[in-house]
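Student: Here TrEMBL flags Glu265 as active site, nucleophile. The domain 'GH10' feature in TrEMBL is assigned to 51-330. The domain 'CBM2' feature in TrEMBL is assigned to 349-448. What TrEMBL records for 335-357 is region 'Disordered'. The feature signal peptide is assigned by TrEMBL to 1-33.
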Amino acid sequence: MRIPRNGRFALLSGALAAVLVAAGIAITGSAEAATTLGASAAQTGRYFGVATSAFRLSDTNYMTILNREFNSIVAENDMKWDATEPQQGRFNYTNGDRLVSHAQSRGMTVRGHTLLWHAQQPSWAQGLSGSALRNAAINHVTQVATHFRGKIHSWDVVNEAFADGGSGGRRDSNLQRTGNDWIEAAFRAARTADPGAKLCYNDYNTDGINAKSTGIYNMVRDFKSRGVPIDCVGLQSHLGTTLDSTYQQNIQRFADLGVDVQITELDVQQGGNQANIYASVTRACMAVARCTGITVWGLRDPESWRTGANPLLFDGNGNKKAAYTAVLNALNAGGPTTPGSPSPSASSQPPAPGGCSAGVTLNSWNGGYTATIRVTAGSGALNGWTVGVIIPSGGAVTSAWNAKNTGTTGQVTFRNVSYNGQVPAGGYTEFGFQGTGTGPTATPSCTA
Ligand code: 9MR
């Protein structure tokens, strides 16, 4: 059989590839390009996540893809109010805990979705109003955020509280009828319960500058000016066949308020533009330093909540779609690194194999702060790490999560706990602590 010239090349390079694979050497498009969504996003300090459910943990094809591609997960339904508090005061964390422990075993972060929402309330809450509902709602926030304390990267504290249409105001709901301050009360309760989690407001139809996103923008600006604890805004991004031309500008204006932005529920109607829209969304996030991660709302098309829209990155057989490649390329094209990822000077001198670096992000208020420390592995996997942080004089560490501290003032040492000592090469894990006074400004040291 005569093999055409380019066919011969393909055969030869295929054979070479087989040898390299057998030798355990990764083949990438270029020396730098990562080959999975999570690893590509991690190159700039971002995460790439997927919505999932505990009942899928036993689906082998599904879990192979999830474990390979993603470094973050969110519960599509398992942490909602109806799931976690089916009867008032009786909590069920079974499925949420299963997802968290899977994530921890794989070094993935977890988004928490969602503490309060007008939908998927248990029937007992739907029947409440006034102060009985307000008290039940705040108790729910406190209990659930306390249960998962230290294990959640970001909580959607409140979901979908703004109205569609041109009003820019709040949606009517039983929660809204308890008083306009229900959202800030929820954020304050969440901060107290889990000071290490980033606290997000999450909504849809906010994928550009419009009346609804401007209403949210004004709320976030007001919260920041009054010291209501809010750290991030989630743009769900359930998208059709076009993308608003102000998508990136909208991300940027939230970032300029001093909050992170996360793309939290991305899916895109299949059609001529699907891959392009996925790429544009990814590029927009990559272009804004405070856009810290993207989550897709499901793994394979048939499992999407949007029946028939085929809006995801994998088909029903788990094959990568064109949209997948478009996203991977956009991630690998790079962008500014997120705050808290190792500083450029640290990353220009990559730690030796087995080494690590650490970066700090602060949430400060008058007299106190929470610090999130990201521990990033160098070119070799970590099996345990120690981070040294200098606490400015006059202040002290009051609590820590996802790490054990020695000392509370001056030079404080933090060591990994049982579940986060192992970090894959190039991967990262995060821990945090709360302190009095002003937060640390010097780059923490990291040894492994
Ligand atoms: O994908 C979720 C679906 O399985 C549930 O039946 C539905 C219940 O309302 O919620 C879906 O997820 C929603 C998310 O929690 C909030 N934003 C919109 C999502 C799609 O409806």
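Placement of Cβ uses the backbone N, Cα and C atoms for every residue, glycine included.
Note that this is a predicted model, so its numbers are computed, not measured.
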Student: Relative to the Cβ of Glu265 (active site, nucleophile), which residues of the same chain, six or more apart in sequence, are found under 8 Å away?
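Tutor: Expected: Ala51, Asn202, Tyr204, Gly234, Gln236, Ser237, His238, Thr295, Val296, Trp297.
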Student: Over the domain 'GH10' (51-330), what is the model's mean pLDDT?
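Tutor: Mean pLDDT for the domain 'GH10' (51-330): 97.
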Student: So how many of the residues in the domain 'CBM2' (349-448) end up helix, strand or coil by DSSP?
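Tutor: Residue counts in helix, strand and coil order: 0 helix, 56 strand, 44 coil.
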